[in-house]
Amino acid sequence: MNNLAILPIILPLLASVIVAFIPGKLNMVRKISQTLSILFLIIVGYITWEVFSNGVIVLQGGGWKAPYGISFVADYLSIILVLTTYVIAAAAVFYAPHSLSNQQEKFYFYTFFFLLISGVSGAFLTGDLFNLFVFFEVLLMASYGLIILGNGKVQLRESLKYVLINLFSSMLFVTTVAFVYSIVGTVNMAHIAERVEAVPAEQQGIITAIGVLLFFVFAVKAAIFPLYYWLPNSYVVPNPVVSALFGALLTKVGIYSIFRIYTLIFVHDTSFTHDQLFIWLAMFTMLFGVIGALSTNNVKLIITYNIIPAIGFILMGIGLYSEDGLTGSIYYLMHDMVVKAALFFLVGALVVAAGTKDLSKMSGVIQRFPLLGWLFFLGTLVLTGIPPFSGFIGKLLLLRGALSEGYFLLTLVALVSSLLILLSMIRIFIRGFWGEKMEGMTSDNRKVHALTIPAIFLLSVSIFLGVGAELVLPYIETISGYLLDRTEYISSVLKG
Amino acid sequence: MEIIMIVLAAILFATGVYNLLQKQLLRIIIGTALISHGAHLFILTMGKLKRGAPPVEAHGVSDYADPLPQALILTSIVISFGVTSFLLVLAYRAYKLNNTDNMEKLRGSE
């Protein structure tokens, strides 16, 4: 049964190879990809059920025991994020045929897509720091392939910067792994955690320095203030389906890594890393992200900027490092992955419907496309966290955690930035959807409707997360309890 | 020996960063290549250098070099090789379409 832990990595890898052989037969590729995505979703759902009912699944790669081989750990946190990834993937694969041109699809979209899913799942599931770097590279390579799909002038220009910043942070990652190896003599995360505890107190400073260096690496990938400058332009240039995958998955892999590292390994100096660094950076990330979202009239850029404050909220929960904080953070992470993908899908449909990205040229779209309009409104409510939707539960827990530990400024900043997120989103609704019916709207109603269907699916998942919070919350509380008590992870990897 | 390697890695990092901060695209790519070389040397040094010992743990071998850093470097070299070659192609395409390889002229939103 241990092999279940590696299935979410192997299956999409296999699928990517299968579809790479028949790029020309587009209909067949689409059918295969769609069937496989749904099949994979069911399999991953089963694995999740297995993990939650029978405990953590650990696979020691090649039968080598823990510190020597590479471990794959399907624990509660990683498997629930893998499940969310597969939900988004299943929606994206139905969105892609209507959003991409045939030419773009033929240029191995589905191959890169499955590789991306494989890399993301791998990064979630691996229990080895160096292997995490390898899976980062797998998903980045796939993302390089996806970001240049279309070969536009601006696209190439911005993807160049995207590749460079990621290459630089990857090299820093390798250097940091070398530091870790020189100090504790291992790269297995559970083993590192065990050995870091044994480091004498006067040498703890170097461990903290390494921790901050690793945080820097992941902060670049997760787009945390002040390292988010590369994100808006490079996420806005590709096709909406690619932006949705990036916005929903890539930055979240970065924040997941921070989650993992800072609940498992670097917990010896929380008064500096968690209470000071994370809390302050979370505040700035929220504020600056949302200021960016208010500064532009490009509808897609508004959604892209809204990725950044969400990362701030998740980081805030890690900084609190309490039951409430972590539960809220994980809830918010899941919610944000789903709703960001849904919003990118909707905004892609909106751009097709209105024929422009510029909000100042848009008006009255709701008169022709009422379904799209109301879905967008619903998405706005879900994103901002209006009760009873999923954003509300996460934010409630985060704010409760912040208040109970006396972070009043943080609470205030979080509330204000939520309000500003609502403002930035409702601007699209008021100016784009209301008002006089604009000229130049598309006549292709069927295409717009086809584009909204995957978004409906994701929004209903999101609404389930909110309305069905009583069903979901116990599971998330299990996760946060599990993260706060590190011994279970360490013992299940090293002794399993 | 370790000191020499560390100094060498530091020089590679420094020249890499210097090149990374240039305006010309090709120099930037060379900069990333230099930084990755520096990082690889650094891993090797961090695993402690040793001469004349096999990187295996087998029966009868009591003195062995640490094989893990070598495995890590090999992986990392392959990855950086792949990324660099991709980056070169990407830079060429970007240069062709935008008619410039000057980063100052490659900015702007939209």
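Cβ coordinates come from backbone N, Cα and C, glycine included.
A TrEMBL annotation is a machine prediction, not a hand-curated record.
Positions annotated as domain 'NADH:quinone oxidoreductase/Mrp antiporter transmembrane' by TrEMBL: A:127-420.
For A:36-56 (among others), the entry in TrEMBL reads transmembrane segment. When Cβ-Cβ distances below 8 Å are used as the criterion, the transmembrane segment (A:36-56) is approached by residues 1, 4-5, 7-8, 11-12, 15, 18, 73-76, 79-80, 82-83, 86-87, 89-90, 93, 475, 478, 488-489, 492, 496 of the same chain, each at least six residues removed from its ends.
Look at TrEMBL and you will find A:76-95 (among others) tagged as transmembrane segment.
Annotation comment: TrEMBL describes A:107-126 (among others) as transmembrane segment. Using a Cβ-Cβ cut-off under 8 Å and counting only residues 6 or more beyond its ends in the same chain, the transmembrane segment (A:107-126) has close neighbours at 5-6, 8-13, 15-17, 19-20, 23, 29-30, 33, 70-74, 78-79, 81-82, 85-86, 89, 92-93, 96, 100, 132, 134-143, 145-146, 149, 245, 249-250, 253, 256-257.
Outside the transmembrane segment (A:132-150), and at least 6 residues removed from its termini, the chain residues within Cβ reach (under 8 Å) are 100-101, 104, 107-109, 111-113, 115-116, 118-120, 122-123, 126, 156, 158-159, 162-163, 166, 170, 173-174, 177, 221, 234, 237-239, 242, 245-246, 249-250, 253, 257. What TrEMBL records for A:132-150 (among others) is transmembrane segment.
Long-range contacts of the transmembrane segment (A:162-184) within the same chain: residues 129-130, 133, 136-137, 140, 144, 147, 191-192, 195-196, 199, 206-207, 210, 213-214, 216-217, 220-221, 230, 234, each at least 6 residues beyond the stretch ends and with a Cβ under 8 Å from a Cβ of the stretch. According to TrEMBL, the transmembrane segment annotation covers A:162-184 (among others).
Proximity of distant same-chain residues to the transmembrane segment (A:204-229), defined by a Cβ-Cβ separation under 8 Å and at least 6 residues beyond the stretch ends, is recorded for 136, 165-166, 168-170, 172-173, 175-176, 179-180, 183, 196, 250-255, 257-258, 261-262, 265-266, 268-269, 272-273, 277, 281, 284-285, 288-289, 307-308, 311-312, 315. The transmembrane segment annotation in TrEMBL covers A:204-229 (among others).
Beyond the transmembrane segment (A:241-265), the same-chain residues lying 6 or more positions past its ends with a Cβ under 8 Å from any Cβ of the stretch are 77-78, 81, 85, 88-89, 92, 95-96, 99-100, 113, 116, 120, 123-124, 132, 136, 139, 143, 146-147, 149, 189-190, 192-193, 196, 211, 214-215, 218-223, 231, 235, 273-274, 278, 300, 303-304, 307, 311, 314-315, 318, 321, 326, 329, 333, 336-338, 340-341, 344-345, 348, 483-484, 486, 489-490. Annotated transmembrane segment per TrEMBL: A:241-265 (among others), in sequence order.
Long-range contacts of the transmembrane segment (A:277-294) within the same chain: residues 212, 215, 219, 223-226, 228, 232, 262, 302, 305-313, 315-316, 318-320, 407, 409-410, 413-414, 416-417, 420-421, 423-424, 427, each at least 6 residues beyond the stretch ends and with a Cβ under 8 Å from a Cβ of the stretch. As annotated by TrEMBL, transmembrane segment applies to A:277-294 (among others).
Feature annotation from TrEMBL assigns transmembrane segment to A:341-359 (among others).
Note on the transmembrane segment (A:371-394): residues 306, 313, 328-329, 331-332, 334-336, 338-340, 342-343, 346-347, 349-350, 353, 365, 418, 421-422, 425-426, 428-429, 433, 448-449, 452, 455-456, 459, 462-463, 465-467, 469, 473 of its chain, located 6 or more positions outside it, place their CB under 8 angstroms from a CB of the stretch. Under the heading transmembrane segment, TrEMBL lists A:371-394 (among others).
Look at TrEMBL and you will find A:406-430 (among others) tagged as transmembrane segment. Sequence-distant contacts of the transmembrane segment (A:406-430), counting only residues of its own chain at least 6 positions beyond either end whose CB sits under 8 Å from a CB of the stretch, comprise 279, 282-283, 286-287, 289-291, 293-294, 299, 302, 305-306, 309, 312-313, 316, 320, 347, 350, 359, 373, 376-377, 379-380, 383-385, 395, 398-399.
Positions annotated as transmembrane segment by TrEMBL: A:451-476 (among others).
Using a Cβ-Cβ cut-off under 8 Å and counting only residues 6 or more beyond its ends in the same chain, the transmembrane segment (A:451-476) has close neighbours at 52, 76, 80, 87-88, 90-92, 94-95, 98-99, 327, 330-331, 334-335, 338-339, 341-343, 345-346, 348-349, 352, 371-372, 375, 378-379, 382, 387-393.
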